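First comes the structure, then the notes that go with it.
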Amino acid sequence: MRLSVFIIPLVESRQASGIINKQSTSLLIRFSLYLEASISTKSFFSKSQRISQTQSPICLSANYYQPDNLDMEATQKHMIQEGSSMFYHQPSSVKQMDLSVQTFDSYCTLESSSGTKSHPCLNNKNNSSSTTSFSSNESPISQANNNNLSRFNNHSPEENNNSPLSGSSATNTNETELSLMLKDLETAMMEPDVDNSYNNQGGFGQQHGVVSSAMYRSMEMISRGDLKGVLYECAKAVENYDLEMTDWLISQLQQMVSVSGEPVQRLGAYMLEGLVARLASSGSSIYKALRCKDPTGPELLTYMHILYEACPYFKFGYESANGAIAEAVKNESFVHIIDFQISQGGQWVSLIRALGARPGGPPNVRITGIDDPRSSFARQGGLELVGQRLGKLAEMCGVPFEFHGAALCCTEVEIEKLGVRNGEALAVNFPLVLHHMPDESVTVENHRDRLLRLVKHLSPNVVTLVEQEANTNTAPFLPRFVETMNHYLAVFESIDVKLARDHKERINVEQHCLAREVVNLIACEGVEREERHEPLGKWRSRFHMAGFKPYPLSSYVNATIKGLLESYSEKYTLEERDGALYLGWKNQPLITSCAWR
């Protein structure tokens, strides 16, 4: 129940008529917000008593957008990604949703749902994580126990910025605050209207005047259901460390978002998680915790494959890169491919088959597969498994084949580790990986540009780049928040077309494959923020500075991608610009592919 929506306009009209003074106006507004919080909090605790605790499931990371179809069996088409988890309250229906949990201590964050493991927080060495359980209808429900938010929950005299909505969940404390607030209200209504007295009042009135323009704006957005606008206002409040405004907006947003609702509601649930984590300074700990868990069952390995089939983004990237490589080595007898994110090796299935059918006979193919050693659990083994699978496929296609696995981070790559040989045509592949490399804005090493210069020194025949078309690298928090919202909302909308909202795996796909990126973009800063996308224009500048020249994609590649999109929604758009391809949703570019030499 949003009492403030009704009380605030009524109170201000009474003030304008001279019926009550400004001091009383401020206290009435504050009282309505507090009462609204108390009602919602009691509702939450009555529900939370029924929550059981089990071990949390695992999420898959967006670093592994490849199908495991090397054995060409349906049971081996699973996409495998790095482990992570994402939880959010899921109501039985959007209209009946009641997620109005006012206190930070009661709010479910990713960190609070980290299973039975304990992950230390940056700002709290004694942090402990609670467990999470699933209800019988597979709705993710968790009971938070987040010590990282304790500074918002402790009502000590030294803390003057405590919000009435962010206090401790203890009943006695709430009753004491409510009694004091009622006494202040009674006193204020008996006093004359003195501006100085009003100006000396604390709480919402002191920080915002009677009702700030931001609050009016937010209330109007809430009344018309403008979820994007309310999310933006909450992000502004978080950036300004405006705890009272943030608390109130979080309580409203909890009633507006849903992991089973419209695309904007589903994305909003994860963006809200990111905002709460950022405010608690726990984003980096959450992100690390999401990456270090082990798989709990083979069914979790299917999520990326579902996304791979539902949307053409990754097929677009792989097929366009393979087309450029096939064109560049069409007359070569010895081909060496360096893949800077080999994952399952699924990208190379179609290329090996194409090379096996090449007129004049196949070339000798050697692949150097680089992958972060942390991802070995996703394959349930080391890179030798990738080599074995690709080797079997190459043998079936009559392609002489050799594989070398390099289990190291891209920031650790040196020339001597790549095994380059004279007389080989060299192709280098960067599939959705360079945006994870820190640049000059993060570290003096500037691994992003260093890696490009290193590759240029190898004199490759072709270098392929596939990246998300977004500007989140050096953008300040608020512009980055808006960019994240616009980019991922288009992705969520495209998923909505293919996977019904009652699809039993859709929530898992979005939580495990996309939410991790969203939380990292919003909650983390500095070296902890690994998602650092750049638009193609900036990548062009980097490649030019490293000494590369464009290698325009052929018309054959363009035709191949157009044929691919025929089996998907007509809302997908394909644009060729300056030798590069842009795949978008409703004319909003989401992913780009280009080649260099």
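For all residues, glycine too, the Cβ spot is worked out from N, Cα and C.
The annotation compositional bias 'Low complexity' is assigned in Swiss-Prot to 123-169. What Swiss-Prot lists as domain 'GRAS' is 218-597, and the listing cites sequence analysis. As annotated by Swiss-Prot, region 'Disordered' applies to 111-172. Residues annotated as region 'Leucine repeat I (LRI)' in Swiss-Prot, with sequence analysis given as evidence: 225-285. What Swiss-Prot lists as region 'Leucine repeat II (LRII)' is 385-417. Residues annotated as region 'PFYRE' in Swiss-Prot, with sequence analysis given as evidence: 426-520. The feature region 'SAW' is assigned by Swiss-Prot to 523-597, with sequence analysis given as support.
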Local confidence of the prediction over the region 'SAW' (523-597), expressed as mean pLDDT: 96
Helix, strand and coil counts within the region 'PFYRE' (426-520) (DSSP): 50 helix, 13 strand, 32 coil
For the region 'Leucine repeat II (LRII)' (385-417): best-contacting stretch of 225-285, 426-520, 523-597, by Cβ pairs under 8 Å: 426-520
Helix, strand and coil totals (DSSP H, G, I; E, B; other) for the region 'Leucine repeat II (LRII)' (385-417): 19 helix, 7 strand, 7 coil
